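Okay, structure first, notes after.
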């Protein structure tokens, strides 16, 4: 009996509507009658186009401090009516990026950051990151132990030179 009274006072259930994109899932009025997946992809597209428009707008801003002679046209004059929005997506290139990095620094082979560079021991979170860019275990963390290529002395000299500039006094005039 209680359930009969409850059904008569509650609102009648509405039938769920299918997604407006026709993917077969049920849509929600809060998501513009789209399913969660279609709504997420729609929002991602909107965000991407907004970012692209902002990037185009920022790239087309003219420098405010340029000096142009009277009667001379600006070389970068662009009419906004002819602009089109172009969405650029990153595509994988045919040239591997790791090969370009190896050419720049051939002295050190590439190793994962969770292993010691000297003994190849797993260090996990407890690894010590050196200023030379490698990760080391507890026994190889000191520069003397792993033959560090970073020049600490030169960095120290530069820091002292920047902190203490050379002060020259004026010549003393003799009486």
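Just so you know, glycine gets a Cβ as well, placed from its N, Cα and C.
Remember, predicted model here, so these are calculated numbers, not experimental data.
What Swiss-Prot says about this one:
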- 19, 23, 35, 38: Zn(2+) 1 binding site (BINDING)
- 116, 119, 137, 140: Zn(2+) 2 binding site (BINDING)
- 130, 132, 146, 148: Zn(2+) 3 binding site (BINDING)
- 13-47: zinc finger (ZN_FING)
- 110-156: zinc finger (ZN_FING)
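Cα distances from residue 119 (Zn(2+) 2 binding site) to the binding-site residues 19, 23, 132, 148 are smallest for 148.
Secondary structure of the zinc finger (13-47) per DSSP, as helix, strand and coil residue counts: 15 helix, 4 strand, 16 coil. The number of other Cβ atoms within 10 Å of the Cβ belonging to residue 140 (Zn(2+) 2 binding site), over all protein chains shown, comes to 22. Separation of the C-alpha atoms of residue 116 (Zn(2+) 2 binding site) and residue 19 (Zn(2+) 1 binding site): 53 Å, rounded to the nearest whole number. The two recorded residues, residue 35 (Zn(2+) 1 binding site) and residue 130 (Zn(2+) 3 binding site), have Cα atoms 49 Å apart. Sitting within 8 Å of the Cβ centre of 19, 23, 35, 38, and not among those site residues for Zn(2+) 1, are the Cβ atoms of 18, 20, 21, 22, 24, 25, 27, 34, 36, 37, 39. Taking the Cα of residue 146 (Zn(2+) 3 binding site) as the reference point, the closest of the binding-site residues 19, 23, 38, 137 is 137. Nearest Cα neighbour of residue 132 (Zn(2+) 3 binding site) among the listed binding-site residues (19, 23, 38, 140): 140. Of all the binding-site residues listed (23, 137), 23 has the fewest other CB atoms within 10 A of its CB. Each of 117, 131, 133, 134, 136, 143, 147, 149, 150 belongs to the same chain as 130, 132, 146, 148, is absent from that list, and has a C-beta within 8 angstroms of the C-beta centroid marking the Zn(2+) 3 site. Residue 23 (Zn(2+) 1 binding site) sits 52 Å from residue 130 (Zn(2+) 3 binding site), taking the C-alpha atoms as the reference points. Neighbour counts of Cβ atoms within 10 Å were taken for the binding-site residues 116, 119, 132; the minimum is at 119. Residue 148 (Zn(2+) 3 binding site) and residue 140 (Zn(2+) 2 binding site) have their C-alpha atoms 10 Å apart, to the nearest angstrom.
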